Amino acid sequence: MSYFGTDGIRGKFGQMPITPEFALKLGFAAGKVLKRTSPKNKPLVVLGKDTRLSGYILESALQAGLNAAGVYVHLLGPLPTPAIAHLTRALHAHAGIVISASHNPYFDNGIKFFSSEGKKLPDSLQEEINKELEKDLFIEDTANLGKSVRVTDANGRYIEFCKSTFPYHFDLNNLKIVVDCAHGAAYSVGPSVFRELGAKVVALYNEPDGLNINENCGSTHPESLQKAVVEHGADLGIAFDGDADRVVMVDKFGNLIDGDHILYILATQAKNKPAGVVGTVMSNMALEVALEKANVGFVRAKVGDRYVLQALEENGWVTGGEPSGHILTLDKSTTGDAIIAALQVLTVMVEQNKALHELVHDFKLYPQVLVNVRLEQMLDPYSIPALVAEFNKAEEQLKGRGRILIRKSGTEPVIRVMVEGDNEQEVKTLAEHLANAVRSQAQVA
């Protein structure tokens with residue numbers, strides 16, 4: 001069986017496969033594969049995590065498994081997922097491992113791998129690790145064990161890398177920024193980057209206790225940030241998710257600037273416009289229309305940053321992302337990076353001498369409603385004839401005026417129901433109707 005989903009291995013801590021025992025075996029299996037494919041006798045892996053309490057246990061287990069397989073480990077501590085991708089390359093490691101469940105609740109956790117290039121691990125290597133997991137764990141001769149060391153300057157290295165993506169002749173001296181860290185991996189480095197570039201920073205949700213990650217805060221819950229920006233009289237707000245690979249922003253009036261807005265800014269307002277942009281099937285139709293008017297290419301990929309990355313590489317483009325705030329700028333970073341994405345928007349603000357709301361003044365999203373239907377067990381909505389009939393009826397109703405999208409989450413038992421169209425009330429009603437239909441059929445199935 002394959003343990004890897006669309007974004008590594010993920011689940012509830014204490015239940016397979018997110019257990020200390022499995023993490024030990026996974027570390028050993030990955031270590032054996034890396035030893036076979038590494039030009040070095042003892043390959044190096046960098047290992048980082050977000051702020052979940054369970055991350056410390058999984059870190060110890062993974063580290064032990066890797067060392068037992070003869071792999072050296074550099075422990076980075078709590079850092080954003082893109083920081084681990086960067087440090088994998090910067091420290092010339094053979095691979096990077098992140099312990100995180102991103103925007104999920106604290107009781108979930110996950111494990112994913114980066115290649116030596118700081119990109120998602122190729123499917124072929126994941127399959128090799130799967131095969132190795134079926135074998136028994138055995139300890140190498142003591143002389144062949146690996147060892148672990150803690151990297152004490154990991155935060156500083158990453159902060160400097162982020163700052164290097166912001167033009168050296170620009171500064172943020174005149175800006176007041178509220179930064180929502182989601183009690184997550186960017187709780188320290190996030191505010192530091194913007195402060196060191198000159199901004200006056202108000203940091204929110206930057207006191208992780210291992211259990212409060214993403215709890216009514218961060219990019220998935222921006223309401224308190226929207227309120228705080230107005231209360232503090234700030235120029236803008238920035239919200240990360242738990243592992244800081246997603247970002248949403250807020251203008252000075254408290255309006256939300258999501259991933260579609262950010263792509264619009266980078267594609268149409270920047271001094272150097274990209275040849276094309278990759279969105280996803282979730283990207284608002286307004287983005288597609290706006291980019292067409294600006295003579296910027298646009299293609300849709302499946303949901304998931306690995307598919308956006310794949311489409312970018314196929315088209316030879318560098319800019320892409322999702323409405324949720326996964327933004328890729330491949331000329332700056334190998335993976336989605338919330339801090340770097342925010343810095344690219346700030347770069348446009350400085351070079352255009354415009355406020356955030358001015359950059360999106362001419363960009364209006366079509367009404368779109370997304371309903372997440374959480375299930376006890378995952379099901380395929382298109383395998384149920386009654387649901388297919390409902391979907392077809394909705395598509396016919398919106399023909400030429402909008403669209404629907406029904407898809408399964410790749411990381412949790414959730415069916416996402418998205419409806420988009422030119423009439424807001426119709427869109428809301430239709431989305432709730434379809435979500436209720438999914439709930440009803442799930443109870444019957």
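Here the Cβ of each residue, glycine as well, is placed from N, Cα and C on the backbone.
As given in Swiss-Prot:
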type	residues	note
ACT_SITE	S102	active site, phosphoserine intermediate
BINDING	S102, D241, D243, D245	Mg(2+) binding site
MOD_RES	S102	phosphoserine
Other residues, Cβ within 8 Å of S102, D241, D243, D245 Cβ centroid (Mg(2+) site): D50, P80, T81, S100, H103, G184, A185, F240, G242, A244, R246, A338
Set of same-chain residues at least 6 away whose C-beta sits under 8 angstroms from D243 (Mg(2+) binding site): D50, P80, T81, V98, S100, S102, H103, G184, A185
Cβ atoms near D241 (Mg(2+) binding site) (within 10 Å, other residues, all chains): 33
Number of other Cβ atoms within 10 Å of the Cβ of D245 (Mg(2+) binding site) across all protein chains: 32
Cβ neighbour count (within 10 Å, all chains shown) around S102 (active site, phosphoserine intermediate): 28
